[in-house]
């Protein structure tokens, strides 16, 4: 293969394919360099290449999906035996056949810079995350295109909506997406969604519905009155984890980021103050994001969901819309804002229908009818519902931060009254729950089952220690703790500080970050925070204390421990630390997702078994707006997938788990473990 960097690329068609790393027409099959000769039984007898998306005919022959589809547009018989045939009679090959094809060994196409071999299904992730040759190619391609001109527009007041007006992503986004976000790459100009490994089944029925996954890069300027103030978001990922990129897991209420309203969970952070952090470790990213200063410039990759005809039509009139930030302050939680919200029949999102006279919003005067609500208190509502917005407003104590999109001169059309023939729904923030809103009960959490347990990931060691101390009865242990099974993430009890006044400081063996297992034989691993405090205090009154604790060590991390301040506690472990917690201390949660026949599950995964790295956990990397995973709101970026429909994921490769997810048609149960992202 010729050196791709030396080629001149004048159009989208002549660019390298981001999935196979070779040149081919957009509508043609991907090309691969196979290590060994492939068995004739696995060859398509139309293109004479190993099968891609294999389809079986009723007469017993197998062809590539694209090859057969193109052939059947001109002929009505099987290419091999010429028996009468229609495309509708054909069906996907068995999971066994697809797995065999996915496991074929291929060379990396960038032989000059990379001599690695891998399974065919792993090539795309290799190109996006690890291949130096592909990275060099993308850098050269980006240099040839128009560079991103930072600051050329007023970021706080204007927004560009790069929806699929054209079948390609703007150059500013396409090069950055391909280099920095494996899970958010758009298949330019094709009918396939562009996730590296989404739980999405491409069928001919899907093609008219979704043309591509729309993503864009934005430079966001964050202002802080106090340069030391926390941004108020949690992050996961880093080059030392399977996620690779730095991903926003959560935006905290009443934080600097929430007040700004433009960053949402799932966004990938590419740059901080001009420094590329797409290939730094987790600890390094935390350090960059915690650097004090009055102004912070962030470049983020934001996925907007799958494009469709409505989105294309809407993009033509969205350019001049204005983003407005409005803060309403309630005197107490129950005070109504006096806003009526509506969902239109022909456009995604939530719109302001009316402002009630005398209400808080009407008195404030900054919100208007037909404003589209983008977020409330940092919660992304671009694909949300009035019910979800009302829930956020009702649970907010004081400050309600709105980010809305406004197009001057537009008036809201009257909503459809007949709910049985319309998908519109309305809600009011006047305190009561919407008529058809039902608040879901929390899913039950449970200890990770024995058949779900795994060895510690590479690079981690856990050391259990028993500390026996003789002390005066009135002498304090001198530690503060965090976590507890009542915590949102069901964490074990851990030490947040060792005070210089207590006996444990004098002993020196218990350290900040240690997980407490028991005290004087009393198990602490299943207790909530207040139960653990009570157990520690009562046993500290004795003359001797036997404390069992677990120390988690990361062998790969050379960065010093970072002090992460957090509401309620002075310190908490980084997200990356929890990855080294032994399985028997994990708390699992079952998340049930449902979808329609033509929908994607809406998430992508990374991780799994690789020969070079051994067993790695599977992580959620991307959650696509407007999909079942996004609407459910329980799944988060950085969550570890433990099992699918009760089948343990440990030991599986990416090419084994992806087909299992695709096989689930309308319902899937994901068993996950969720760790809190690092607070920045």
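Using N, Cα and C of the backbone, Cβ positions are placed for all residues, glycine too.
Residue ranges 49-79, 80-110, 111-141, 142-172 are listed, and TrEMBL annotates 142-172 among them as region 'Disordered'. According to TrEMBL, the feature region 'Disordered' maps to residues 411-457, out of the candidate ranges 364-410, 411-457, 458-504, 505-551. Regional average pLDDT for the domain 'PDZ' (219-304) in the model is 89. By the count of Cβ pairs under 8 Å, the stretch nearest in packing to the domain 'PDZ' (590-676) among 219-304, 325-408, 466-551 is 219-304. According to DSSP, the domain 'PDZ' (219-304) comprises 13 helix, 33 strand, 40 coil.
In terms of DSSP helix, strand and coil, the domain 'PDZ' (466-551) has 17 helix, 34 strand, 35 coil.
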